[in-house]
Every structure is written in structure tokens, then in C-alpha cells.
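The following features are taken from TrEMBL:
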BINDING   Ser62, Thr63, Arg64, Thr65, Gln89, Arg113, His140, Pro141, Thr142, Gln143, Cys277, Leu278, Arg322  carbamoyl phosphate binding site
BINDING   Asn172, Asp236, Ser240, Met241  L-ornithine binding site
DOMAIN    13-153  domain 'Aspartate/ornithine carbamoyltransferase carbamoyl-P binding'
DOMAIN    159-332  domain 'Aspartate/ornithine carbamoyltransferase Asp/Orn-binding'
Amino acid sequence: MTELQKPVPLKGRSLLKENDFTKEEFEALIDYAITLKSYKHKGIAHRFLEGKNIALLFEKTSTRTRAAFTVASIDLGAHPEFLGKNDIQLGKKESVEDTAKVLGRMFDGIEFRGFSQEVVESLAEHSGVPVWNGLTDTWHPTQMLADYMTVKENFGHLEGINLTYIGDGRNNMAHSLMVAGAMLGVNVRICTPQSLFPNQTFVDMARQRGEKDGGSVMVTDNIEEAVKDAHVIYTDVWVSMGEESEFETRVNLLKDYQVNKQLMRQTGREDTIFLHCLPAFHDTQTLYGKEIEEKYGIGEMEVTDEVFRSPQSKVFDQAENRMHTIKSVIASTLT
Ligand code: CP
Ligand code: NVA
């Protein structure tokens with residue numbers, strides 16, 4: 001029988017935002033996810049969480065995060081319970097504090113996806129069990145583990161990687177990529193129009209991590225400067241969940257920042273990969289995609305279908321890695 005590698009010793013810790021973790025802890029979670037991926041692919045059981053119960057709270061919709069937490073829990077021998085925003089009292093009839101205290105008496109860990117970072121922080125403060133942030137308006141930390149794991153799988157290392165994020169510079173993905181990247185020794189470039197430059201607080205936070213841990217952060221509206229020598233070109237939707245009234249403004253602001261074949265060539269590297277947290281607007285096969293085409297005459301938004309489907313695109317490896325990294329986090333914080 002194979003001797004299983006034990007989870008990272010992080011018992012009782014929550015994952016609310018990247019900055020709460022050390023570089024070594026974050027790297028260890030990524031490396032452990034790589035190990036868990038090999039167990040899964042080889043069919044080696046790894047039921048570290050037999051008898052545990054995990055609550056999955058979703059105020060916003062999700063495919064990957066919900067599926068990843070569900071499958072990861074079941075693979076680990078735990079029971080996941082989905083609690084959607086229309087099914088529970090949270091916010092309507094019961095405060096976050098009271099909900100946290102109740103769930104903490106029954107569940108061993110809680111995942112939360114929603115709008116406010118304060119809610120996920122409050123759940124952690126009052127539940128007494130590990131809480132994992134499955135995305136808020138401010139941060140998307142579980143996504144970072146999968147993204148940088150995918151970078152590591154492709155390049156073998158993270159230190160010295162140039163990662164260019166092009167798109168909305170003020171959303172959760174821009175914040176998280178900057179801070180997590182700076183912490184992991186990556187040179188992160190945020191390329192966005194000046195009116196979408198990230199709030200300086202987040203840039204300062206990332207730069208401080210970079211000074212300590214070896215990465216760097218550049219913010220620019222100049223595409224040529226941003227993409228030169230990039231190992232990774234990353235983009236996200238132009239309009240995040242909860243901002244649906246912003247489509248027209250964002251299409252006008254960001255249409256020149258679309259990831260297309262010409263932009264991919266501009267890196268000057270043969271080995272550049274394309275990443276996207278997904279879901280992506282790369283064609284008109286969605287309700288929003290169709291509406292945008294009818295209104296503004298563009299059938300592709302943040303990335304062209306050509307790049308999305310190209311061999312350089314690693315978006316489905318990245319999506320699969322959400323499951324292995326989330327498994328790494330829940331196993332490590334619950335055992
Ligand atoms: N990337 C991501 O979080 O996807 P979902 O919104 O489908 O969970
Ligand atoms: N910025 C996007 C990320 C989705 C995974 C959003 O918040 O909608």
C-alpha cells in the first residue's frame with residue numbers, strides 16, 4: 001500500500017485572503033495539491049476527513065467553486081451540504097454572527113461565496129471552525145492556489161515568472177493575483193485603462209509582500225509594455241457578478257484590452273500560456289454573449305475564441321486544479 005503524504009499542518013486556520021498566509025504555507029498548499037492530483041489520477045484513496053461535515057454557503061452563483069468543494073469533500077470522505085442564499089435565514093431573518101454560531105456547532109468547516117469580505121471574516125470570527133473564502137467582491141484566494149499551481153505545472157517554478165493580467169483592474173481577480181503573485185516571487189503586471197487602475201491600498205499591500213517575498217507589481221495602461229516577455233497572459237470577465245449594469249461602460253473601456261492572437265504574439269515568447277478563471281465570454285453561446293453582440297456588435301469580449309481554444313490556453317487544466325487545490329486547503333485546515 002502507498003504511504004500517503006500527510007496534509008500541510010494548518011489545522012484550525014481559515015483562508016479568508018492571501019495576505020493571511022506566509023509564502024511557505026501558500027507554496028506548501030500548492031505542492032500538496034499536486035500530490036493530491038496524482039493520487040486522484042492514480043485512483044489512490046485519500047480519505048483524511050471521514051465523518052466530517054462541510055457547509056457550502058453561496059450568495060452568488062458558481063460552477064467550479066461549488067463543484068470543486070463538493071467533489072473534494074466527498075473524495076476526502078467528508079459530507080458537503082449546499083446552503084444556497086434562498087434556502088437559509090442568513091441576512092434575512094438571522095445575523096451573520098448567529099448563523100456562524102449555529103453552523104459552527106454542526107459543521108467542521110464552512111465555505112462562503114458572496115459579496116462582502118466582512119461577512120466571510122465575521123463567519124470565521126464567530127463560528128469557531130475554519131472558513132474558506134470561495135470569492136467575495138474583494139478577494140478570490142482559492143482561485144489563486146489553482147492558478148499558480150497551473151503556472152508551476154507549466155514552467156516548473158514560480159519565482160521570476162512574468163504574469164500579465166489584462167482587463168478590469170479593480171476586481172477580486174486583480175487584487176488576488178497581485179498579492180498572491182508578489183508573495184510567490186512572480187512579477188505581476190496589471191494592464192488596464194487608467195480609470196480602472198486598482199485601488200492604491202491593494203497595490204501597496206502587494207508591493208509590501210513583494211519586497212518581503214521576492215515578487216513585484218507593475219500597474220500600467222500600456223499593453224506593449226505590460227505583455228513583453230510575459231510567461232502568462234491572464235484575463236477575467238469585464239463585468240463581475242453584481243455589476244451587470246456596467247456592461248456598456250466596460251465594453252467601451254476595455255475593448256482595446258481584449259486578449260487576441262496578436263496580443264499573444266506581442267509577448268515575444270514561444271511558451272506563453274493563456275489563463276482565465278472562467279466563466280469566459282469568448283463566443284455568443286451564452287445569454288449575455290448574445291445580448292452584447294446584439295447591442296454592441298462584438299461577439300467576443302475579454303478573449304477571442306481563437307485564443308481560448310488554442311494549445312496555449314490552459315483554462316481547463318486550471319479549472320480542474322480548483323478541485324485539487326481546494327482539497328489541499330480543506331484537508332490541511334481540518335486535520
Ligand atoms: N472561477 C470560478 O470561481 O468559477 P465559478 O464562478 O464557476 O465558481
Ligand atoms: N471577477 C469575477 C470572477 C469570477 C470567478 C466575478 O467576481 O464575477
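Counting begins at 1 with the first residue displayed.
Glycine is no exception: its Cβ is also placed from the backbone N, Cα and C atoms.
Since the structure is predicted, the reported quantities are computational estimates derived from the model, not experimental observations.
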Query raised in the report: When the number of other CB atoms within 10 A of each residue's CB is tallied over all shown chains, which of the binding-site residues Met241, Cys277 has the maximum?
Result: Cys277
Requested in this report: Taking ligand 1 as the reference, state which of the binding-site residues Asp236, Ser240, Met241, Arg322 have a Cβ closer than 6 Å to one of its atoms.
Outcome: none
Query raised in the report: Of Ser62, Arg64, Gln89, His140, Thr142, which binding-site residues come within 10 Å of Asp236 (L-ornithine binding site), going by C-alpha to C-alpha distance?
Result: none
Query raised in the report: Which binding-site residues out of Ser62, Thr142, Asn172, Ser240, Cys277 lie by ligand 2, going by a Cβ under 6 Å?
Result: Asn172, Ser240, Cys277
**Report entry** Between Asn172 (L-ornithine binding site) and Arg322 (carbamoyl phosphate binding site), the C-alpha gap once rounded to whole angstrom
**Finding:** 16
Query raised in the report: For L-ornithine, what surrounds Asn172, Asp236, Ser240, Met241 with a Cβ no more than 8 Å from their Cβ centroid?
Result: Leu135, Asp137, His140, Asp168, Asn171, Met173, Val237, Glu243
Requested in this report: List the Cα distance (Å, whole number) between Cys277 (carbamoyl phosphate binding site) and Ser240 (L-ornithine binding site).
Outcome: 12
Query raised in the report: How does the model score the domain 'Aspartate/ornithine carbamoyltransferase Asp/Orn-binding' (159-332) in terms of mean pLDDT?
Result: 98
Query - Sparsest-packed of the listed binding-site residues (Thr142, Ser240) - C-beta count within 10 angstroms - result: Ser240
Report summary line: By a three-class reduction of DSSP, Ser62 (carbamoyl phosphate binding site) is assigned coil
Requested in this report: Work through the binding-site residues one by one (Arg64, Gln89, His140, Thr142, Arg322) and name whichever has its CA nearest to the CA of Ser240 (L-ornithine binding site).
Outcome: His140
Report summary line: Between the binding-site residues Arg64, His140, Arg322, the one whose Cβ has the fewest other Cβ atoms within 10 Å is Arg64
Query - Rounded inter-Cα distance in Å - Arg64 (carbamoyl phosphate binding site), Met241 (L-ornithine binding site) - result: 15
Query raised in the report: Would you say which of the binding-site residues Ser62, Gln89, Asn172 has the most Cβ atoms within 10 Å of its own Cβ?
Result: Asn172
Report task. Whole-number Å only: compute the distance from the Cα of Arg322 (carbamoyl phosphate binding site) to the Cα of Met241 (L-ornithine binding site). Result -> 19
